[in-house]
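Colleague: Here's the feature list from TrEMBL:
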DOMAIN    7-406  domain 'Enolpyruvate transferase'
BINDING   Lys20, Ser21, Arg25, Ser159, Ser160, Gln161, Ser187, Asp297, Lys324  3-phosphoshikimate binding site
BINDING   Lys20, Gly91, Arg119, Gln161, Arg328, Arg372, Lys398  phosphoenolpyruvate binding site
ACT_SITE  Asp297  active site, proton acceptor
Amino acid sequence: MKVKVSPSQVAGSVAIPSSKSLAHRAIICASLAQGTSTVSNITYSKDIDATIACMEALGAKIKKQETSCIITGTNVKNRTEPVSMDCNESGSTLRFLIPLCALSNQKATLIGHGRLMQRPMDVYAKIFKEQQLSFKQTDHMEVCGPLQPSVYKIRGDISSQFITGLLLALPLLAQDSQIEIIPPYESKSYVDLTLQMLKTFGIIIHQTDATHYQIPGHQSYLAKDVRVEGDWSQAAFYTVLGAIQGPLTLNNMKADSLQGDKVVIDAIHNKTWQQDHLIIDRAPLAGQTIDLANCPDLGPILCILAAYSQGTTHLIHAQRLRMKESDRIAAMEEELRKWNVDVSSTYDTITIVGKETYRKDGVEIHGHNDHRIVMAMTIFGLCAQSPCIIDDAQAITKSYPNFFQDIQAIGGKVEIL
Ligand SMILES: O=C(O)C1=C[C@@H](OP(=O)(O)O)[C@@H](O)[C@H](O)C1
Ligand SMILES: C=C(OP(=O)(O)O)C(=O)O
């Protein structure tokens, strides 16, 4: 799918979709709980649909309603049959579910699409090898448990999703386990989201210091009704758009959210909270240095902020952007260069010398089949002085199917071609 994005002046307010990360966690925890839970304020997407389908494959009963799910949980430890499930392109779904699938001694087959099977899985490969469990990764994955209580020593600089996956499964083992993170410990904010959701569903994890977790075994998830808060990763697109050509009002956001991507508001100056409404307004934008170690998903949209900021912006500790739905450093560099943006990169940094306006005829942007590349480049195009075409625009359905409608509703000129 291609879209034509034209210069626009946006205004008004937007209801930010609910957090994909928190929805994954709530749906999985509810699917593991004895009894029936309601998870409300869900923004459905391909990633969330993948988690729903996988938890149903594991035995949960999930009734999808317009913006909520009624979920009756299952005991994944008692799985007596092999199972097969499709994680689509969702790294969260795949990595959160592998340890849960390995609580049984029956084979689990997990398939993926896009780059999913090329994204790092060696943290799990090492664990399964150490415990002499079957772990096969080709164009799909095949795993077999039973996972054992242990002291799990894992690198913290590949993906926090491995830590979340273990934290979801280990409490269900008969004995206690520990997790020791080998520093640097990156994307830690996502593990904090996991701990918060586990506590909500009655699971206790003891964090003894910054890199150590004690996980009591023999625990049970308890049914709970939860409402998913707004998604700061998605709010970031409107935060940057508002900083360039605001004012814009963002609704459905929590000022005290644990989401790591909330730091996007620290990168801009003109923001005002009015209860749960966040008003972002334009202000002179200056280059800055931003550490992406704990907020990798902000990488693409912060490149757009940098492009429209006077002076030089350095995005550092960005190496894990290369391991997402696309190599997001290479993708942003390639696409911004088409607009004559002064951008350069190293293995783990992006440097951009920004300016106020961009005008160039015939710009054709490639979306790299990556939702965050498509959404970031749409924001760039809305603020530019000439139109552009973006392909792979359907990639937004991975996390935010209504993105273009929401952009149009605030005056963004986006035409589906
Ligand atoms: O746990 C999560 O919900 C996520 C963790 C992050 O991955 P990493 O921990 O690999 O950075 C992030 O990129 C992803 O979009 C969602
Ligand atoms: C990388 C992302 O998600 P996941 O890791 O779940 O595929 C994302 O939403 O940008």
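Even glycines carry a Cβ here, placed using N, Cα and C.
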Colleague: Filter the recorded positions Lys20, Arg25, Ser160, Ser187, Asp297 down to the ones within 10 angstroms of Arg119 (phosphoenolpyruvate binding site), Cα to Cα, kept in sequence order.
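Modeller: If one measures from the Cα of Arg119 (phosphoenolpyruvate binding site), no recorded positions come within 10 Å, so the answer is none.
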Colleague: Which binding-site residues from the set Arg25, Lys324, Arg372, Lys398 have a C-beta atom lying less than 6 Å away from ligand 2?
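Modeller: Going through Arg25, Lys324, Arg372, Lys398 in sequence order, those close to ligand 2 turn out to be Lys324, Arg372.
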Colleague: Cβ under 6 Å from ligand 1: which of the binding-site residues Arg25, Ser160, Ser187, Arg372 qualify?
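Modeller: From Arg25, Ser160, Ser187, Arg372, counting a Cβ under 6 Å from ligand 1 as near, the near ones are Ser160, Ser187.
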Colleague: Which residue, of the binding-site residues Lys20, Arg25, Arg119, Arg328, has its CB surrounded by the fewest other CB atoms within 10 A?
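Modeller: Least crowded of the binding-site residues Lys20, Arg25, Arg119, Arg328, by Cβ count within 10 Å, is Arg119.
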Colleague: With DSSP assignments reduced to helix, strand and coil, which class does Ser160 (3-phosphoshikimate binding site) get?
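Modeller: Looking at the DSSP assignment, Ser160 (3-phosphoshikimate binding site) belongs to neither helix nor strand, so coil.
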Colleague: What is the number of other Cβ atoms found within 10 Å of the Cβ of Asp297 (active site, proton acceptor)?
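Modeller: 27, counting other Cβ atoms within 10 Å of Asp297 (active site, proton acceptor).
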Colleague: What does the structure give for the C-alpha distance between Ser160 (3-phosphoshikimate binding site) and Arg372 (phosphoenolpyruvate binding site)? Integer Å is fine.
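Modeller: Taking the Cα atoms only, Ser160 (3-phosphoshikimate binding site) lies 19 Å from Arg372 (phosphoenolpyruvate binding site).
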Colleague: For Gln161 (phosphoenolpyruvate binding site), which of these recorded positions sit within 10 Å, Cα to Cα: Lys20, Arg25, Ser187, Asp297?
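Modeller: Within 10 Å Cα-Cα: Ser187.
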Colleague: Among Lys20, Ser21, Arg25, Ser159, Ser160, Gln161, Ser187, Asp297, Lys324, listed as contacts of 3-phosphoshikimate, what is the widest Cα spread in Å, to the nearest whole number?
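Modeller: Roughly 19 Å, rounded to the nearest whole number.
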Colleague: For Ser187 (3-phosphoshikimate binding site), which of the recorded positions Gly91, Asp297, Arg328, Arg372, Lys398 has the nearest Cα in space?
Modeller: Asp297
